[in-house]
Amino acid sequence: MNPNQKIITIGSISIAIGIISLMLQIGNIISMWASHSIQTGSQNHTGICNQRIITYENSTWVNHTYVNINNTNVVTGKDKTSVTLAGNSSLCSISGWAIYTKDNSIRIGSKGDVFVIREPFISCSHLECRTFFLTQGALLNDKHSNGTVKDRSPYRALMSCPLGEAPSPYNSKFESVAWSASACHDGMGWLTIGISGPDNGAVAVLKYNGIITETIKSWKKRILRTQESECVCVNGSCFTIMTDGPSDGAASYKIFKIEKGKVTKSIELNAPNFHYEECSCYPDTGTVMCVCRDNWHGSNRPWVSFNQNLDYQIGYICSGVFGDNPRPKDGKGSCNPVTVDGADGVKGFSYKYGNGVWIGRTKSNKLRKGFEMIWDPNGWTDTDNDFSVKQDVVAITDWSGYSGSFVQHPELTGLDCIRPCFWVELVRGLPRENATIWTSGSSISFCGVDSDTANWSWPDGAELPFTIDK
């Protein structure tokens, strides 16, 4: 075969191979089209891949993700309808407290991006519980954590994150600029209350579902402040208590009734020898009970209960098992302020059951260390110091801090009663731990159960100082 013939032969073979390859590709395309037509022939919709839709349904954010796999729509999440949290049930009967959450914020923050916080609290809707907290606009183990022992600054903000998680920039939601705050859910939306501004002119900003609805100006120009725990919603109305005036003497105390973020009624308490700060409130059979901090002259805790018309009653827990810190040794109580070691105090809570009371308190009389729950079967009305149950939560050798109540409604739990719960702040750093330049806290929480519970210590557990402190 001469060279020309070889060239012609090779060219012919190449052309033949190219034609065969082209025919195979065309056949493949026809096959895929036919297969797709068969699968979709009986359907009347067009498949869309990776379509992400966010809807707003009854004031509750619902997130749907549609992913088309072989023309089958897989939907994650489901519609959540709104309800009205009635708050008409009674508190559940309980015999003790089961550990619910522990976020280990300080331990995780030694290496991870975790906010410097204080004043954490928990509040629940009919769908979920969330941890709320006041940040310092800084992260642990970072230079901006220096000086965060200060209570009130323009860098503080109310934020929230999923329950039990360490609060970080990656899981937290901004709620309000605030150095004092409260939040609660009425079944249709979140009400947040954030107080910020100068001591002589602070303003409370009310938001409903994230939108500003009302503001309340300091009426005494003496550090307007609120609960540092959840407000209470009953039959569509939410209630909170604010204080304005001296922390070491008679001040002004107001109850606010709020509907969808708007104040519909308010009253000032007539309580000349009482002192109410940082109240821990809960619903019980349609009324609201608040147990508060007396920073003026009481080592027992003051209370105020009121109905939806704001008709109220006031008093002090009578038990000789004293609930504040600092406090004297347990002894004879009083239904008026117990003035021994009555100055100063710490945010706390109690739950009333008839004439009995569950008292949450630090284990130390003088320092914010340890925590325990005590059941005094006659402590709401009687002045003796006899109790029948004591449950340890944090050992006296470990730091605690603020504590407060929160509840889970039947709409969340499926129970026929309101479940009582509480949280404890575990403060670390300044002013007690001088090896650090910062102040922050983690938290634990418990819920009431009528079954077995444990006596133990669930401390913060972080090893200090951090790298930034050295």
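The first residue you see is number 1, and the count goes up from there.
Glycine too: its Cβ is placed from the backbone N, Cα and C atoms.
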Legend entry - Selected from CYS417, CYS421: Swiss-Prot disulphide partner of CYS447: CYS421
Inset, instruction - With ASP294, GLY298 listed by Swiss-Prot as binding Ca(2+), identify the candidate in ASP324, ASP330, ASP341 belonging to that site. - result: ASP324
Legend entry - Disulphide pairing with CYS417 per Swiss-Prot - partner from CYS92, CYS124: CYS92
Inset, instruction - Could you identify, going by Swiss-Prot, the member of CYS231, CYS238 that forms a disulphide bond with CYS233? - result: CYS238
Legend entry - ASN146, ASN455 as glycosylation sites, winner by CB count within 10 A: ASN146
Legend entry - Cβ atoms near GLU277 (substrate binding site) (within 10 Å, other residues, all chains): 23
Legend entry - For substrate: widest Cα to Cα gap among ARG118, ARG152, GLU277, GLU278, ARG293, ARG368 in Å: 21
Inset, instruction - Pop the Cα-Cα gap between ARG118 (substrate binding site) and ASP151 (active site, proton donor/acceptor) into the table, whole Å please. - result: 9
Legend entry - recorded positions (ASP151, GLU278), the one with most neighbouring Cβ atoms at 10 Å: GLU278
Legend entry - Neighbour-count leader, CB within 10 A, binding-site residues: ARG118, ARG152, ARG293: ARG293
